[in-house]
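Enquirer: I'd like to ask you about the structure that follows.
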Amino acid sequence: MGTSVDAAIKEENGNVAEKKPTVVFVLGGPGSGKGTQCTNIVQHFGYTHLSAGDLLRAEINSGSENGTMIQDMIKEGKIVPSEVTINLLQKAMQESGNDKFLIDGFPRNEENRAAFEAITKIVPEFVLFFDCSEEEMERRLLNRNQGRLDDNIETIRKRFKVFLEASIPVVEYYDSKGKVRKIDAGRSVEEVFEAVKAIFTQKDEKAAV
Ligand SMILES: Nc1ncnc2c1ncn2[C@@H]1O[C@H](COP(=O)(O)OP(=O)(O)O)[C@@H](O)[C@H]1O
Ligand SMILES: Nc1ccn([C@H]2C[C@H](O)[C@@H](COP(=O)(O)OP(=O)(O)O)O2)c(=O)n1
Ligand SMILES: [Mg+2]
């Protein structure tokens with residue numbers, strides 16, 4: 001039967017330990033297709049999709065006291081302090097009732113990564129990395145049409161710079177641990193999903209052995 005995030009298991013010494021949820025981090029540059037592919041993965045593999053960017057945008061719209069700070073940082077392409085984002089992620093995980101999560105757009109820098117690990121003690125199952133050229137990402141972002149305040153050429157350039165300087169090192173960190181599953185994300189949505197499916201299918205087959 002499905003277990004929830006806060007489900008507890010008894011250890012031999014009688015202590016109650018929390019069962020850790022399964023987490024897959026979904027990383028890639030702005031416009032690489034993270035959100036699009038997460039929607040597909042959810043339909044096939046029973047994960048709950050948590051987009052850090054979506055949670056931060058919802059926080060702006062909720063009128064929370066952090067809203068203005070978050071909005072200013074997103075407009076500048078900067079990364080919001082981990083404390084805020086991790087709080088939102090933890091809340092969403094608890095509220096979902098699921099124990100399998102795709103965490104999209106997080107961790108985006110070393111601070112995100114180290115703080116999540118220290119606070120949650122969760123180690124990702126693997127890291128899906130969507131590799132895409134800047135030229136293609138820029139084209140996609142300028143056509144996204146979701147009315148986002150950061151999908152303009154000035155902010156896009158800043159986001160690309162932050163991606164190279166702050167996010168790529170996180171991918172390299174996980175690569176050194178053998179956790180990265182890199183996908184050529186410059187292809188069509190269908191072709192990318194075929195590659196994604198192969199990775200998740202392989203994982204489930206391994207788990208069943
Ligand atoms: N493989 C693809 N080919 C062409 N357009 C794509 C592809 N994947 C996503 N898109 C489009 O590109 C834009 C950015 O995709 P999105 O999933 O929001 O990326 P991210 O979450 O990585 O920023 C969206 O308008 C989406 O419809
Ligand atoms: N871990 C994160 C994720 C997103 N943010 C902020 C900064 C990012 O530029 C924006 C938008 O992130 P989002 O993942 O929605 O953007 P893309 O889907 O990559 O285009 O949110 C953050 O501060 N910390
Ligand atoms: Mg996205």
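Positions of Cβ are set from backbone N, Cα and C atoms, glycine also.
Feature annotation from TrEMBL assigns ATP binding site to G31, S32, G33, K34, G35, T36, R144, R187. Feature annotation from TrEMBL assigns ribonucleoside 5'-phosphate binding site to R57, K78, I79, V80, G105, F106, P107, R108, R148, R159. As annotated by TrEMBL, CMP binding site applies to N112.
Could you give the neighbours, burial and distances for every feature on this list?
Expert: The C-beta environment of G31 (ATP binding site), restricted to residues of the same chain at least 6 apart in sequence and closer than 8 Å, consists of C132, E136, M137, E138, R139, R140, L141, R144, I156. Annotation note: G31 (ATP binding site) sits in a coil segment as assigned by DSSP.
Counting only same-chain residues at least 6 apart in sequence, those with a Cβ under 8 Å from the Cβ of I79 (ribonucleoside 5'-phosphate binding site) are M73, R108, N109, E111, N112, V162, A166. Secondary structure at I79 (ribonucleoside 5'-phosphate binding site), as computed by DSSP, is coil.
N112 (CMP binding site): 24 other CB atoms within 10 A of its CB, across all protein chains.
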Enquirer: Tell me, if you would, which residue among G35, G105, P107 (binding-site residues) has the fewest other CB atoms within 10 Å in the structure shown?
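Expert: Sparsest of the binding-site residues G35, G105, P107 by Cβ contacts within 10 Å: G35.
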Enquirer: What subset of the binding-site residues R57, P107, R148 lies within 10 angstroms of G35 (ATP binding site) at the C-alpha level?
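Expert: Passing the 10 Å Cα cut: none.
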Enquirer: To the nearest whole angstrom, state the Cα distance for the pair T36 (ATP binding site) and P107 (ribonucleoside 5'-phosphate binding site).
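Expert: Just about 18 Å between their Cα atoms.
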Enquirer: Minimum Cβ neighbour count within 10 Å among the binding-site residues S32, T36: which residue?
Expert: T36
Enquirer: How long is the line from the C-alpha of S32 (ATP binding site) to the C-alpha of R148 (ribonucleoside 5'-phosphate binding site), rounded to the nearest angstrom?
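Expert: It is 16 Å, counting Cα to Cα.
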